[in-house]
């Protein structure tokens with residue numbers, strides 16, 4: 001029995017990369033898997049039988065490490081949260097929302113700040129350098145100038161990575177800079193709406209010549225964090241952790257309560273003000289979602 005990984009799906013077929021031969025087989029799924037509602041998606045490790053040359057049938061899906069819903073993919077090692085410093089302008093709430101989603105999925109995070117050639121590297125670090133202080137691996141890149149491409153390539157080596165970020169941030173351009181033969185489609189940022197058009201239509205895994213796989217995925221059209229309870233949001237902001245036990249109230253939301261150690265840390269400059277504002281905005285969003293659920 002052969003083992004491999006599903007690297008894309010199309011027209012009812014599953015394209016499986018054979019771990020041993022490194023060839024890709026076009027496979028169908030054994031009927032009993034469908035009957036038992038065993039889902040097979042991109043990223044899954046599977047056992048399959050070779051039929052005719054280049055053709056096969058999937059007999060079983062092996063155990064998953066994880067499963068993401070948006071994009072629909074499994075067995076991911078890390079998410080590369082990618083944002084541009086300009087064109088489109090950096091949106092801190094959106095960036096922090098992506099980081100929260102990555103932590104909620106228990107994924108490693110690499111933060112990629114792209115288009116640093118536009119304002120200059122020093123200006124960029126002045127604006128977003130606090131993410132490094134929090135403990136994130138931050139890579140500053142320019143797909144056009146080649147800045148940071150080697151560092152990003154090293155971060156992707158031997159891992160399955162998903163790129164996440166707003167359209168127009170340059171995700172496809174970065175991957176093309178890492179490996180030009182990928183030839184991913186790119187679009188410029190619209191002057192009218194100041195954001196990019198989605199250039200990726202479906203999920204597929206692309207093999208990197210230096211080792212590893214990267215998911216070429218559709219843009220994130222809706223970032224849903226409604227599954228997170230408002231009181232749990234605090235745990236997805238790593239810099240809050242050492243201050244949580246010092247609050248007067250065990251149920252402190254770190255928004256309006258007196259004697260809150262998180263708020264004190266913000267006032268003292270220990271916690272970044274911009275990050276705290278993102279937390280408050282996301283907390284309010286979750287509270288509104290909870291109210292809507294209650295009304296239903």
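Backbone N, Cα and C atoms are what each Cβ position is placed from, and that goes for glycine too.
According to TrEMBL:
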- 114, 115, 116, 117, 165, 166, 167, 168, 169, 170, 171, 172, 173: GTP binding site (BINDING)
- 247, 252, 254, 260: Zn(2+) binding site (BINDING)
- 65-223: domain 'CP-type G' (DOMAIN)
- 74-221: domain 'EngC GTPase' (DOMAIN)
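Looking only at Cα atoms, residue 169 (GTP binding site) sits nearest to 254 among the binding-site residues 247, 252, 254, 260. Recorded residues residue 260 (Zn(2+) binding site) and residue 165 (GTP binding site) have their alpha carbons 32 Å apart, per Cα-Cα distance. Nearest in space to residue 173 (GTP binding site), taking C-alpha to C-alpha distance over the binding-site residues 247, 252, 254, is 254.
Using CA atoms as reference points, the binding-site residues 247, 252, 254 were checked against residue 171 (GTP binding site), and the closest is 254. Listed in chain order, the residues near the Zn(2+) site other than 247, 252, 254, 260 are 244, 248, 249, 253, 255, 257, 259, 261, 262, 263, each with its Cβ within 8 Å of the site Cβ centroid. Within the domain 'EngC GTPase' (74-221), the DSSP-based counts of helix, strand and coil residues read 45 helix, 36 strand, 67 coil.
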